[in-house]
Amino acid sequence: MIDVTIPLKEYSIDDTGVHVSDTISRSFIIFGEELPLFITSVDPLKHLFHSLAINLKDSLVRIDKNADSLIKHNDHVWQLDPTFIRKTVFNSDYLVNNVGQQGRISFQFFYLEPPLKTNEQALGSNGNESDILPSFQPLTASPPGSAESTDSVHRELKSKTVELPIYSLMNMRLRNIAIRPERNSTTSQVISSLDIQLARKFEELFPEEPYLTVDSLCYELCDGNFKLPLQPMEEMIEFPLNMKRHDAYTINYQLQDSTRLIKVTIIYKIGSSYKIRTSWETEVCLGKPTPSKSIVSSNTSTPTFIQPPSVQLPRVLAQAHFNFLQSKITVKKGEPFKVTLQVENTTPRVLNLVVYHRPKSPLAQTLILITNDLKLPLLSPGTTFQCDLEIIAIAKGYHHNTKGIKIVDLEALDVVDLGSSLSILVE
């Protein structure tokens, strides 16, 4: 029989097994964490362990007893290499942007029954060796090694399954916008905006933790085996960064074309128990060109869930208050700027809000909401929340209003246009 141990806190290893410093049992796994997974047994594992199958959604990884990914500390304690788990099992964008939804990961261990004792071992254990003459040789004695081979043939293959929920606590989204520096320019530049935000599940899973710490974030251009780290357009965020429950950040990078493959790696930790490394590799691709002369193309996401309801629902957001703290501002073309939105929930229900941009007029399309599809925390009745919206203007002009910046309640499918109260002069 084998046992499986996945420690949460500090542990030690000796010939008898894995000893943990805390008796709290693990109830979930964080996507991308350095997972310490141990296989232990009283009998030598080389005679018992057969293979391991790891299933995460539709991905299945199989490992046999001779795989290099198994770290054999001693005869009774083996460990699955945490690097192998991170690079192979967690090497996908599954759960990278799942808003904290639950998935399942299962570890199925296959093992053989402990070998039966031979006649000599049985006699030895009963202390009857002195009753047998030293020169006695049984007439039915088997050739050397045949007992082991015969025993392994008749030993039954059994399995033990450990299944746990798995969550991603960091939502990451990449949006790319191609612009021409000048109206008649033949070359284009790409602004690649990386959004990072804590999933709401963080508050539920770690109620005692006020924040998690992001140690580093790396944005790399990839070309085969060559990787080139890029610096953001503005050094506005310093690492390590403590992200609280309702924090959201947007980091902008400038590219010269849209044919690049990029890789984003974020390393963060929660207290002293969880160390997580998430890598995300994707192409920087753009959508179809828009009619505007100043905009080449954009794949800025627009929520597909915003559809007119089939029946007329009560106007929930008509009872809430939305205000921009800066009603009239002057900005420079091509330079990102921020406006502060204040939301006051004066309704009798909890609001589940997302801020997005859907411009209609050609002038409105020259303003780009970098923090598009910004998901706000759940707002209980009587609460007030402030958030920063980051915008970039790609053409000069005066916007008497910025219609197209909207907010939607995901439960009631009620939409309000926020931009009518915001005026912007672009120089």
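Cβ atoms are placed via backbone N, Cα and C, with glycine included.
What TrEMBL records for this protein:
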type   : residues : note
DOMAIN : 24-141   : domain 'Trafficking protein particle complex II-specific subunit 65 IgD1'
REGION : 134-153  : region 'Disordered'
DOMAIN : 168-284  : domain 'Trafficking protein particle complex II-specific subunit 65 IgD2'
DOMAIN : 330-412  : domain 'Trafficking protein particle complex subunit 13 C-terminal'
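Mean model confidence for the domain 'Trafficking protein particle complex II-specific subunit 65 IgD2' (168-284) is a pLDDT of 83. According to DSSP, the secondary structure content of the domain 'Trafficking protein particle complex II-specific subunit 65 IgD2' (168-284) in residues is 5 helix, 69 strand, 43 coil. Residue counts for the domain 'Trafficking protein particle complex subunit 13 C-terminal' (330-412) under DSSP, helix first, then strand, then coil, are 3 helix, 40 strand, 40 coil.
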